[in-house]
Amino acid sequence: MSIAVCPGSFDPITYGHLDIVRRAARLFEVVVVGVAHNASKSALLKPEERIEVVRGALAEDPDLGSVRVEPVPGLLVDFCRQVGAVAVVKGLRGGADFDGEHPMALMNRHLSGVETVFLPAEQRYAHVASSLVKDIARHGGPIDDLVPPAAAEAVRAAIAHRA
C-alpha cells in the first residue's frame, strides 16, 4: 500500500493546501495530512485548533473522506516511518518555495530514504499563502475565497480573541 504524507503547519489550511492533498490522493492509496509545528513561524492557531480545522475542511470535500489527519510531534522523517509513508508530498507555488523545500527534501531522503514529490500549485492558488491570509484577516479583509469556511471562522475568532 502506498502511503504519502502531506505535511505543513496549516496555520490556516488554504484552498491551495486542499488542492495539493486532493491531487496527492489521486497518486497514493493513503494520504496522511501531518500537522506540524514550525518554530520559524509565529502560529495564530493552537496545534489542536489547526488539526480540528484541517479535519473540518477535509470533511467538506467528499473526495477527501479517506484522508487521515495526525499531529507531527517531532521530525517529519520519524513521522513518515511511524505511518509507513514512502513519500512526502509538497506543493510549490514558485521558485522560492522550491529553494526552501529542496534542501529539506534532500535531508529527509538522507535521514530516512523517504522521497519528496513536488506538485506545482494550480495557477489560481499560486498567490495564496497562510501568512498572507492572516495579514488580510488582521486588517479586516475578505479571506473566504482563500480558505475553507472552518478555517476562515477559526482565523477570525483567533484574531478577535487576541484583540
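The backbone N, Cα and C atoms fix where each Cβ goes, glycine too.
Features of the protein shown, as given by TrEMBL:
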- Ser9, Phe10, His17, Gly91, Leu92, Arg93, Glu101, Tyr125, Ala126, His127, Val128, Ala129, Ser130, Ser131: ATP binding site (BINDING)
- Ser9, Lys41, Leu76, Lys90: substrate binding site (BINDING)
- 5-134: domain 'Cytidyltransferase-like' (DOMAIN)
- His17: site 'Transition state stabilizer' (SITE)
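What TrEMBL annotates, mapped onto the structure for a quick look.
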residue: Ser9; record: ATP binding site; DSSP class: coil
residue: His17; record: ATP binding site; DSSP class: helix
residue: Lys41; record: substrate binding site; DSSP class: coil
residue: Leu76; record: substrate binding site; DSSP class: helix
residue: Lys90; record: substrate binding site; DSSP class: strand
residue: Glu101; record: ATP binding site; DSSP class: helix
residue: Ala126; record: ATP binding site; DSSP class: coil
Under 8 Å by Cβ from Lys90 (substrate binding site), same chain, sequence gap 6 or more: Cys6, Pro7, Ile20, Asp97, Glu101, Ala105, Thr116, Val117, Phe118, Leu119
Among Ser9, His17, Leu92, Val128, Ser130, which are recorded as binding-site residues, the nearest neighbour of Leu76 (substrate binding site) by Cα: Ser9
Rounded Cα-Cα span from Lys41 (substrate binding site) to Ser130 (ATP binding site), Å: 11
Other CB atoms within 10 A, centred on Ser130 (ATP binding site): 24
Cβ-centroid neighbours of substrate site Ser9, Lys41, Leu76, Lys90, 8 Å, sequence order: Pro7, Gly8, Ala36, Asn38
Cα separation, Lys41 (substrate binding site) to Val128 (ATP binding site) (Å, whole number): 17
Predicted model, mean pLDDT over the domain 'Cytidyltransferase-like' (5-134): 96
For Leu92 (ATP binding site): intrachain residues, at least 6 apart, with Cβ closer than 8 Å: Phe98, Glu101, Phe118, Leu119, Pro120, Ala121
Between Ser9 (ATP binding site) and Lys41 (substrate binding site), the C-alpha gap once rounded to whole angstrom: 9
Sparsest-packed of the listed binding-site residues (Ala126, Val128) - C-beta count within 10 angstroms: Ala126
Distance, Lys41 (substrate binding site) to Ala126 (ATP binding site) (CA atoms, angstrom): 20
